[in-house]
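S.K.: Per TrEMBL, the features are:
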- G24, A26, V27, N31, S221, N253, L318, D321, S322: Na(+) binding site (BINDING)
- C85-C94: disulfide bond (DISULFID)
- 12-33: transmembrane segment (TRANSMEM)
- 45-73: transmembrane segment (TRANSMEM)
- 135-153: transmembrane segment (TRANSMEM)
- 165-182: transmembrane segment (TRANSMEM)
- 210-235: transmembrane segment (TRANSMEM)
- 247-271: transmembrane segment (TRANSMEM)
- 306-331: transmembrane segment (TRANSMEM)
- 351-376: transmembrane segment (TRANSMEM)
- 382-405: transmembrane segment (TRANSMEM)
- 426-445: transmembrane segment (TRANSMEM)
- 465-487: transmembrane segment (TRANSMEM)
Amino acid sequence: MAKEEEAGRPTWSRQIEFTLAGIGCAVGLGNVWRFPYLCYRSGGGVGMATVAISFIMCTYYNIIITWALYYMFSSFRSELLWENCNNTWNTPNCTDRVTNSSSSSTASQQFFNGCVGSVSYKVLQRTSGVEETGILRWELFLLLLLAWILVYLCIFKGVKSTGKVVYFTALFPYVILLALLINNVQLPGAIDGIRFFIIPEWDKLLNVEVWINAAAQIFNSIGIGFGSLMAMASYNSYNNNVLKDTLAISITNSVTSIFAGFVIFSAFGYMSHLQNVPVSEIAVDGPGLVFVVYPQAFVTMPVAPLWAVLFFFMLLCLGLDSQFAMVEVMVTSLLDSYSKPILKYLKRKEFLVLVVCGAAFLLGIPNVMQVGIYVFQLMDHYTAIVSIMFLAFFEVIGVCWLYGVKRLSSNLEEMTGKRPNIFFRVCWWVICPVLITVILVFSVIQFKPARYENYVYPPWAQGVGWLIALASIIWIPIAAVHTLWVLPGSFTERLKKSITPFSLDEDEESPYYKQKGAIMEVIPNVAIISSIVPLSEKPIQTNL
């Protein structure tokens, strides 16, 4: 610990700040839109790859915050802009009722999607497909810039500023969710939506896709494989109680998903009652849930603009937590690996954060063009679904088998004073590797190309999607080849060394030696809970 203190590595002012930051990272927009949708549909060298996937994801994830800002600012009116079809941008086929007809669309759908040539009071003004790029949406461009400014202000001072921000951004969404739930359950038909949510269709439990969706939701929600929790955990004290934080973050994440499900489905039941359509015809996946369906529910509620402002402000808070956690992965990794050359030119960490945010902002500009929704959906499909499963597989194999349960248990005993019980050791040794292997295999078998609503991407666009996926995955084989190349000895000896853990403190001349602490992410139980193990004093890792 003396080494770390001399190095001046910042730490959280209070332990609760890390816990709140971890909860904020895990509890994001997926808890509000993806978990309720899955309930409807289902009836009821890795380190470099991690940095890459986090950076790729943060370039397009901020567009969700941009949309939330657009809706929030648009809600400061006496009448919501998507309340009826009497606006200049509405087409003759506009309707104020939910419909599955391809020949008509609701006012909220037309407000969100838009079309070429419409006026500025619509969000996407999307083109007919990815083949047409369209023009830059200047309103969204400026809001994207504002979103990145907010992210920068949250993290430019490191954990000292982040720790203060999360007191609000991690806790305030629960106040809004509770207020929405109290309001929604009093609406007619709400109980029907809640009943649809809590009563499972047991036959769908035999469907493998249901379990894959459940695993993918946990992976993306908690952030397994993205490195966000690992980056933030690296600022913990060496003797931090990792199990307590793990349970707090993972349980809160799951409870929040269920809580949000009650909020969303009570509104669905209300809409079902008003429009006399089944709840199953209302739920949709992705951004459409919170930017089309739920806004439509607001228009008939008392004091509709107030509820709309609160709801979209909640989305802003949820998005900011997850966004600055992903940016922190890149910043922390760069500082831990190349602090001397970086600080030689940039002088201060604040300038590095500015460079990272600026680069991500520029790379995110295609998302605020008229083709943006197609770019967003393509990147999200191949990053959050395809890449993350491969990364998680190699992480679990690397930690549980190559690094080994025995070494991991000793590390935890050294840090916490207690050795993990047999339950955790069995999970690490057998259950987790088997589960992740099965999930990966079935994810590959049941893989479906990206689409947006009824639009199917052309083959060349799918190819671009695979290149996006490879942008993070490719670092694993590259690092493996590099490791085998630089190690001495015969091929067999190099292969053996590459998968043999070694203490970095014992081999400071190794090309893999790092001055700062190594951190690992493990999966301690069958619910695939993310556990953070910051080995800040005597880091040990595998070459590979």
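Easy rule for this one: first residue shown is 1, then count along the chain.
Any Cβ shown, glycine's included, is placed from N, Cα and C.
Keep in mind the model is a prediction, meaning the values are calculated, not measured.
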S.K.: Please figure out which one of 135-153, 210-235, 247-271, 306-331, 351-376 racks up the most CB pairs under 8 Å against the transmembrane segment (382-405).
M.R.: 210-235
S.K.: Spatially, which candidate from the binding-site residues S221, L318, S322 is nearest to C94 (disulfide bond), comparing Cα atoms?
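M.R.: When the Cα distances are compared, L318 comes out closest.
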S.K.: For the transmembrane segment (135-153), which recorded stretch in the set 45-73, 165-182, 247-271 gives the largest number of Cβ pairs separated by under 8 Å?
M.R.: 45-73
S.K.: What does the structure give for the C-alpha distance between C85 (disulfide bond) and S322 (Na(+) binding site)? Integer Å is fine.
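M.R.: With the alpha carbons as reference points, the distance is 35 Å.
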S.K.: Sequence-remote contacts (6 or more beyond its ends) of the transmembrane segment (351-376), Cβ cut-off under 8 Å?
M.R.: 55, 58-60, 62-63, 66, 113, 116, 124-127, 129-130, 132-137, 140-141, 144-145, 148, 151-152, 155-156, 287, 327, 330-331, 334-335, 342-343, 452, 455, 457, 461
S.K.: Note down the number of other Cβ atoms within 10 Å of the Cβ of S221 (Na(+) binding site), including every protein chain shown.
M.R.: 24
S.K.: Find, among the recorded positions listed as C85, C94, L318, the one whose Cβ has the highest number of other Cβ atoms within 10 Å in the structure shown.
M.R.: L318
S.K.: Does the transmembrane segment (247-271) make contact with the transmembrane segment (465-487) through 3 or more Cβ pairs under 8 Å, each pair 6 or more apart in sequence?
M.R.: no
S.K.: Does the chain bring the transmembrane segment (210-235) near the transmembrane segment (165-182), so that three or more CB pairs sit under 8 Å (pairs 6 or more apart in sequence)?
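M.R.: Contact between the transmembrane segment (165-182) and the transmembrane segment (210-235): absent, because fewer than 3 Cβ pairs are under 8 Å.
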S.K.: Quick one: give me the count of other CB atoms within 10 A of the CB of S322 (Na(+) binding site).
M.R.: 28
